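S.K.: Quick one: this structure, given as C-alpha cells, is what I'll be asking you about.
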Amino acid sequence: MNIHEYQAKRLLHEYGAPVANGVAVYSVEQAEKWAKKLPGPLYVVKSQIHAGGRGKGNFKELDSDAKGGVRLAKSVEEVVANVKEMLGKTLVTKQTGPEGKQVNRLYIEDGANIERELYLSLLIDRTTGRVAFVVSTEGGMDIETVAAETPEKICTLSIDPAEGVTDADCVKLCDELNLSGNAREDGEKLFPILYKAFCEKDMSLLEINPLIVMDDGRLRVLDAKVSFDNNALFRHPDILGLRDISEEDPKEIEASKHDLAYIALDGMIGCMVNGAGLAMATMDIIKLYGAEPANFLDVGGGASKEKVTHAFKIITADPNVKGILVNIFGGIMRCDVIAEGVIAAVKEVGLKVPLVVRLEGTNVEQGKAIINDSGLNVISANDLDDAAQKIVAAVKGA
C-alpha cells in the first residue's frame, strides 16, 4: 500500500526525522489560510498523487509550456495562483501513463536553500534477507538512471537485524554520502530513526529523493515515498487509515474483494493463471512471441467457479484487452472446475475477444471436454508454448 508524500513526511516526523513545515490542502481557501501561517518567503506547492516525476509532469488541461506538478512560490499570492491552476487538474507523468491522475490535494511547505541533493532509501535486500540502505550522492534524479550509467555512485549496506544500525553503519553511510559537520551529525541521528520506522511500520520501501544538505549544513527530508507490506496491514490500523482508494486502480480494488492477485499492465493480452510463478512465465512467453500482457492475475490454488467469473469480469473491464489467455495447472485446483468457471464467465460477460485456454493436471480431460462441448468460440491449447502462439496470432489477426 502506498501513501501520499505529506502522509509519509508526517509519519517520519513522528519518529524524529527532519522535515519542513507543511500542510495538505483541498481548496484555494485552505491554501491561502495555511500559507499565511508558514514563515516563507519561499514556498513549495506539490501535487499529491501516487506517482513519481511530478515536477517534470504536465497538466492535460493547461498549455504545454505551463509549469509542472511541483512549483516554487515567493509569496502567498503566488501560492494561491498556483493552487487555482493545479487543483482538480489531471497531471501526466512518466509513471501515470497518458491518462494521468487527477490532483485532488496539494501539499504546501516551506522552501529550502539547497546546497546538495542526496539519495537514500531502505528496502528489503532479497539476497541477504535483510533491510538495506541504498545511498548515493546523485540525489534528485531517477536512481535507475544512476544505476545504469554510474553504478559506482550507489552504495548498498545491509543491516544486521540482531544489532540494528550500529555506529559503524552510520560512519559508512556518512562517508558514502560525503557528509561532514552538521550534516554528518544529523545523518548519524537520522539513519537509526529511518531504520526503526521501516521495521516498526512494516514498510516495503522508504525512499527519500532527495535528502538535502541545506545552506546551514543541516539535513532535511525534501521528498518521501513510502510503501507498506499489504500482508502486514492488519497490524497497523493507523496506517490502513491513510489509504487513498481514489489513487488505486479500480480493477485492483475489485480483485482484492475476491481474493484475486491482480496488477494492471500496459499490454493487450489478458492473463488468468494460478500461481505467481506460472503467471510470470506466462507473461514472459507472451512477450517472447511479440505481444505484451495486459495484467498479472493469479486466481490462487483454490479458485471456485464464481471466483473465475469475477476474474474474467475484471480482465474484460480493461478496454485495452484484445484477447485472453487462461493458463491453469490443476494441482489443488481441478481443471473441470476451472473449465466450468470459464464457460460460465464467457456466457455472463458476453466475451467479444479471442480466448485461448490451456489446462493441465487434475481432471484435465474432463476440463477439456467441458470446453470442447460448450459450443463456444474457445481456442484450446496443448501446452504453454502452443497457447502463447495461438493467442498472439489471434490478437494480431483481429
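Keep in mind that glycine also has a Cβ here, set from the backbone N, Cα and C atoms.
Sharing the features that Swiss-Prot gives for it:
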- 9-254: domain 'ATP-grasp' (DOMAIN)
- Lys46, Gly53, Arg54, Gly55, Glu109, Ala112, Glu117: ATP binding site (BINDING)
- Asn209, Asp223: Mg(2+) binding site (BINDING)
- Asn274, Gly331, Ile332, Met333: substrate binding site (BINDING)
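How about a rundown of where these features are and what they're close to?
M.R.: Taking Cβ-Cβ distances under 8 Å and a sequence separation of 6 or more, the neighbours of Gly55 (ATP binding site) in its chain are Gly68, Gly69, Val70.
According to DSSP, Asp223 (Mg(2+) binding site) sits in a coil region rather than a helix or strand.
In the three-state DSSP classification, Met333 (substrate binding site) falls within coil.
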S.K.: What is the nearest of the binding-site residues Lys46, Glu117, Asn209 to Ile332 (substrate binding site), using the Cα of each?
M.R.: Asn209
S.K.: Pick the one among the binding-site residues Ile332, Met333 whose Cβ has the fewest other Cβ atoms within 10 Å in this structure.
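M.R.: Fewest other Cβ atoms within 10 Å, among the binding-site residues Ile332, Met333, is found for Ile332.
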S.K.: How far is it from Asn274 (substrate binding site) to Ala112 (ATP binding site), counting Cα to Cα, in Å?
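M.R.: Given the Cα positions, Asn274 (substrate binding site) is 50 Å from Ala112 (ATP binding site).
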S.K.: Hey, how far is Lys46 (ATP binding site) from Asp223 (Mg(2+) binding site), Cα to Cα, in Å?
M.R.: 10
S.K.: Using only the residues recorded as binding ATP (Lys46, Gly53, Arg54, Gly55, Glu109, Ala112, Glu117), report the maximum Cα-Cα distance in Å, whole number please.
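M.R.: It comes out at 20 Å between the most distant Cα atoms.
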S.K.: Which of the binding-site residues Asn209, Asp223, Gly331, Met333 has its Cα nearest to the Cα of Ala112 (ATP binding site)?
M.R.: Asp223
S.K.: When DSSP is mapped onto helix/strand/coil, what comes out for Arg54 (ATP binding site)?
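M.R.: Going by the DSSP assignment, Arg54 (ATP binding site) belongs to neither helix nor strand, so it counts as coil.
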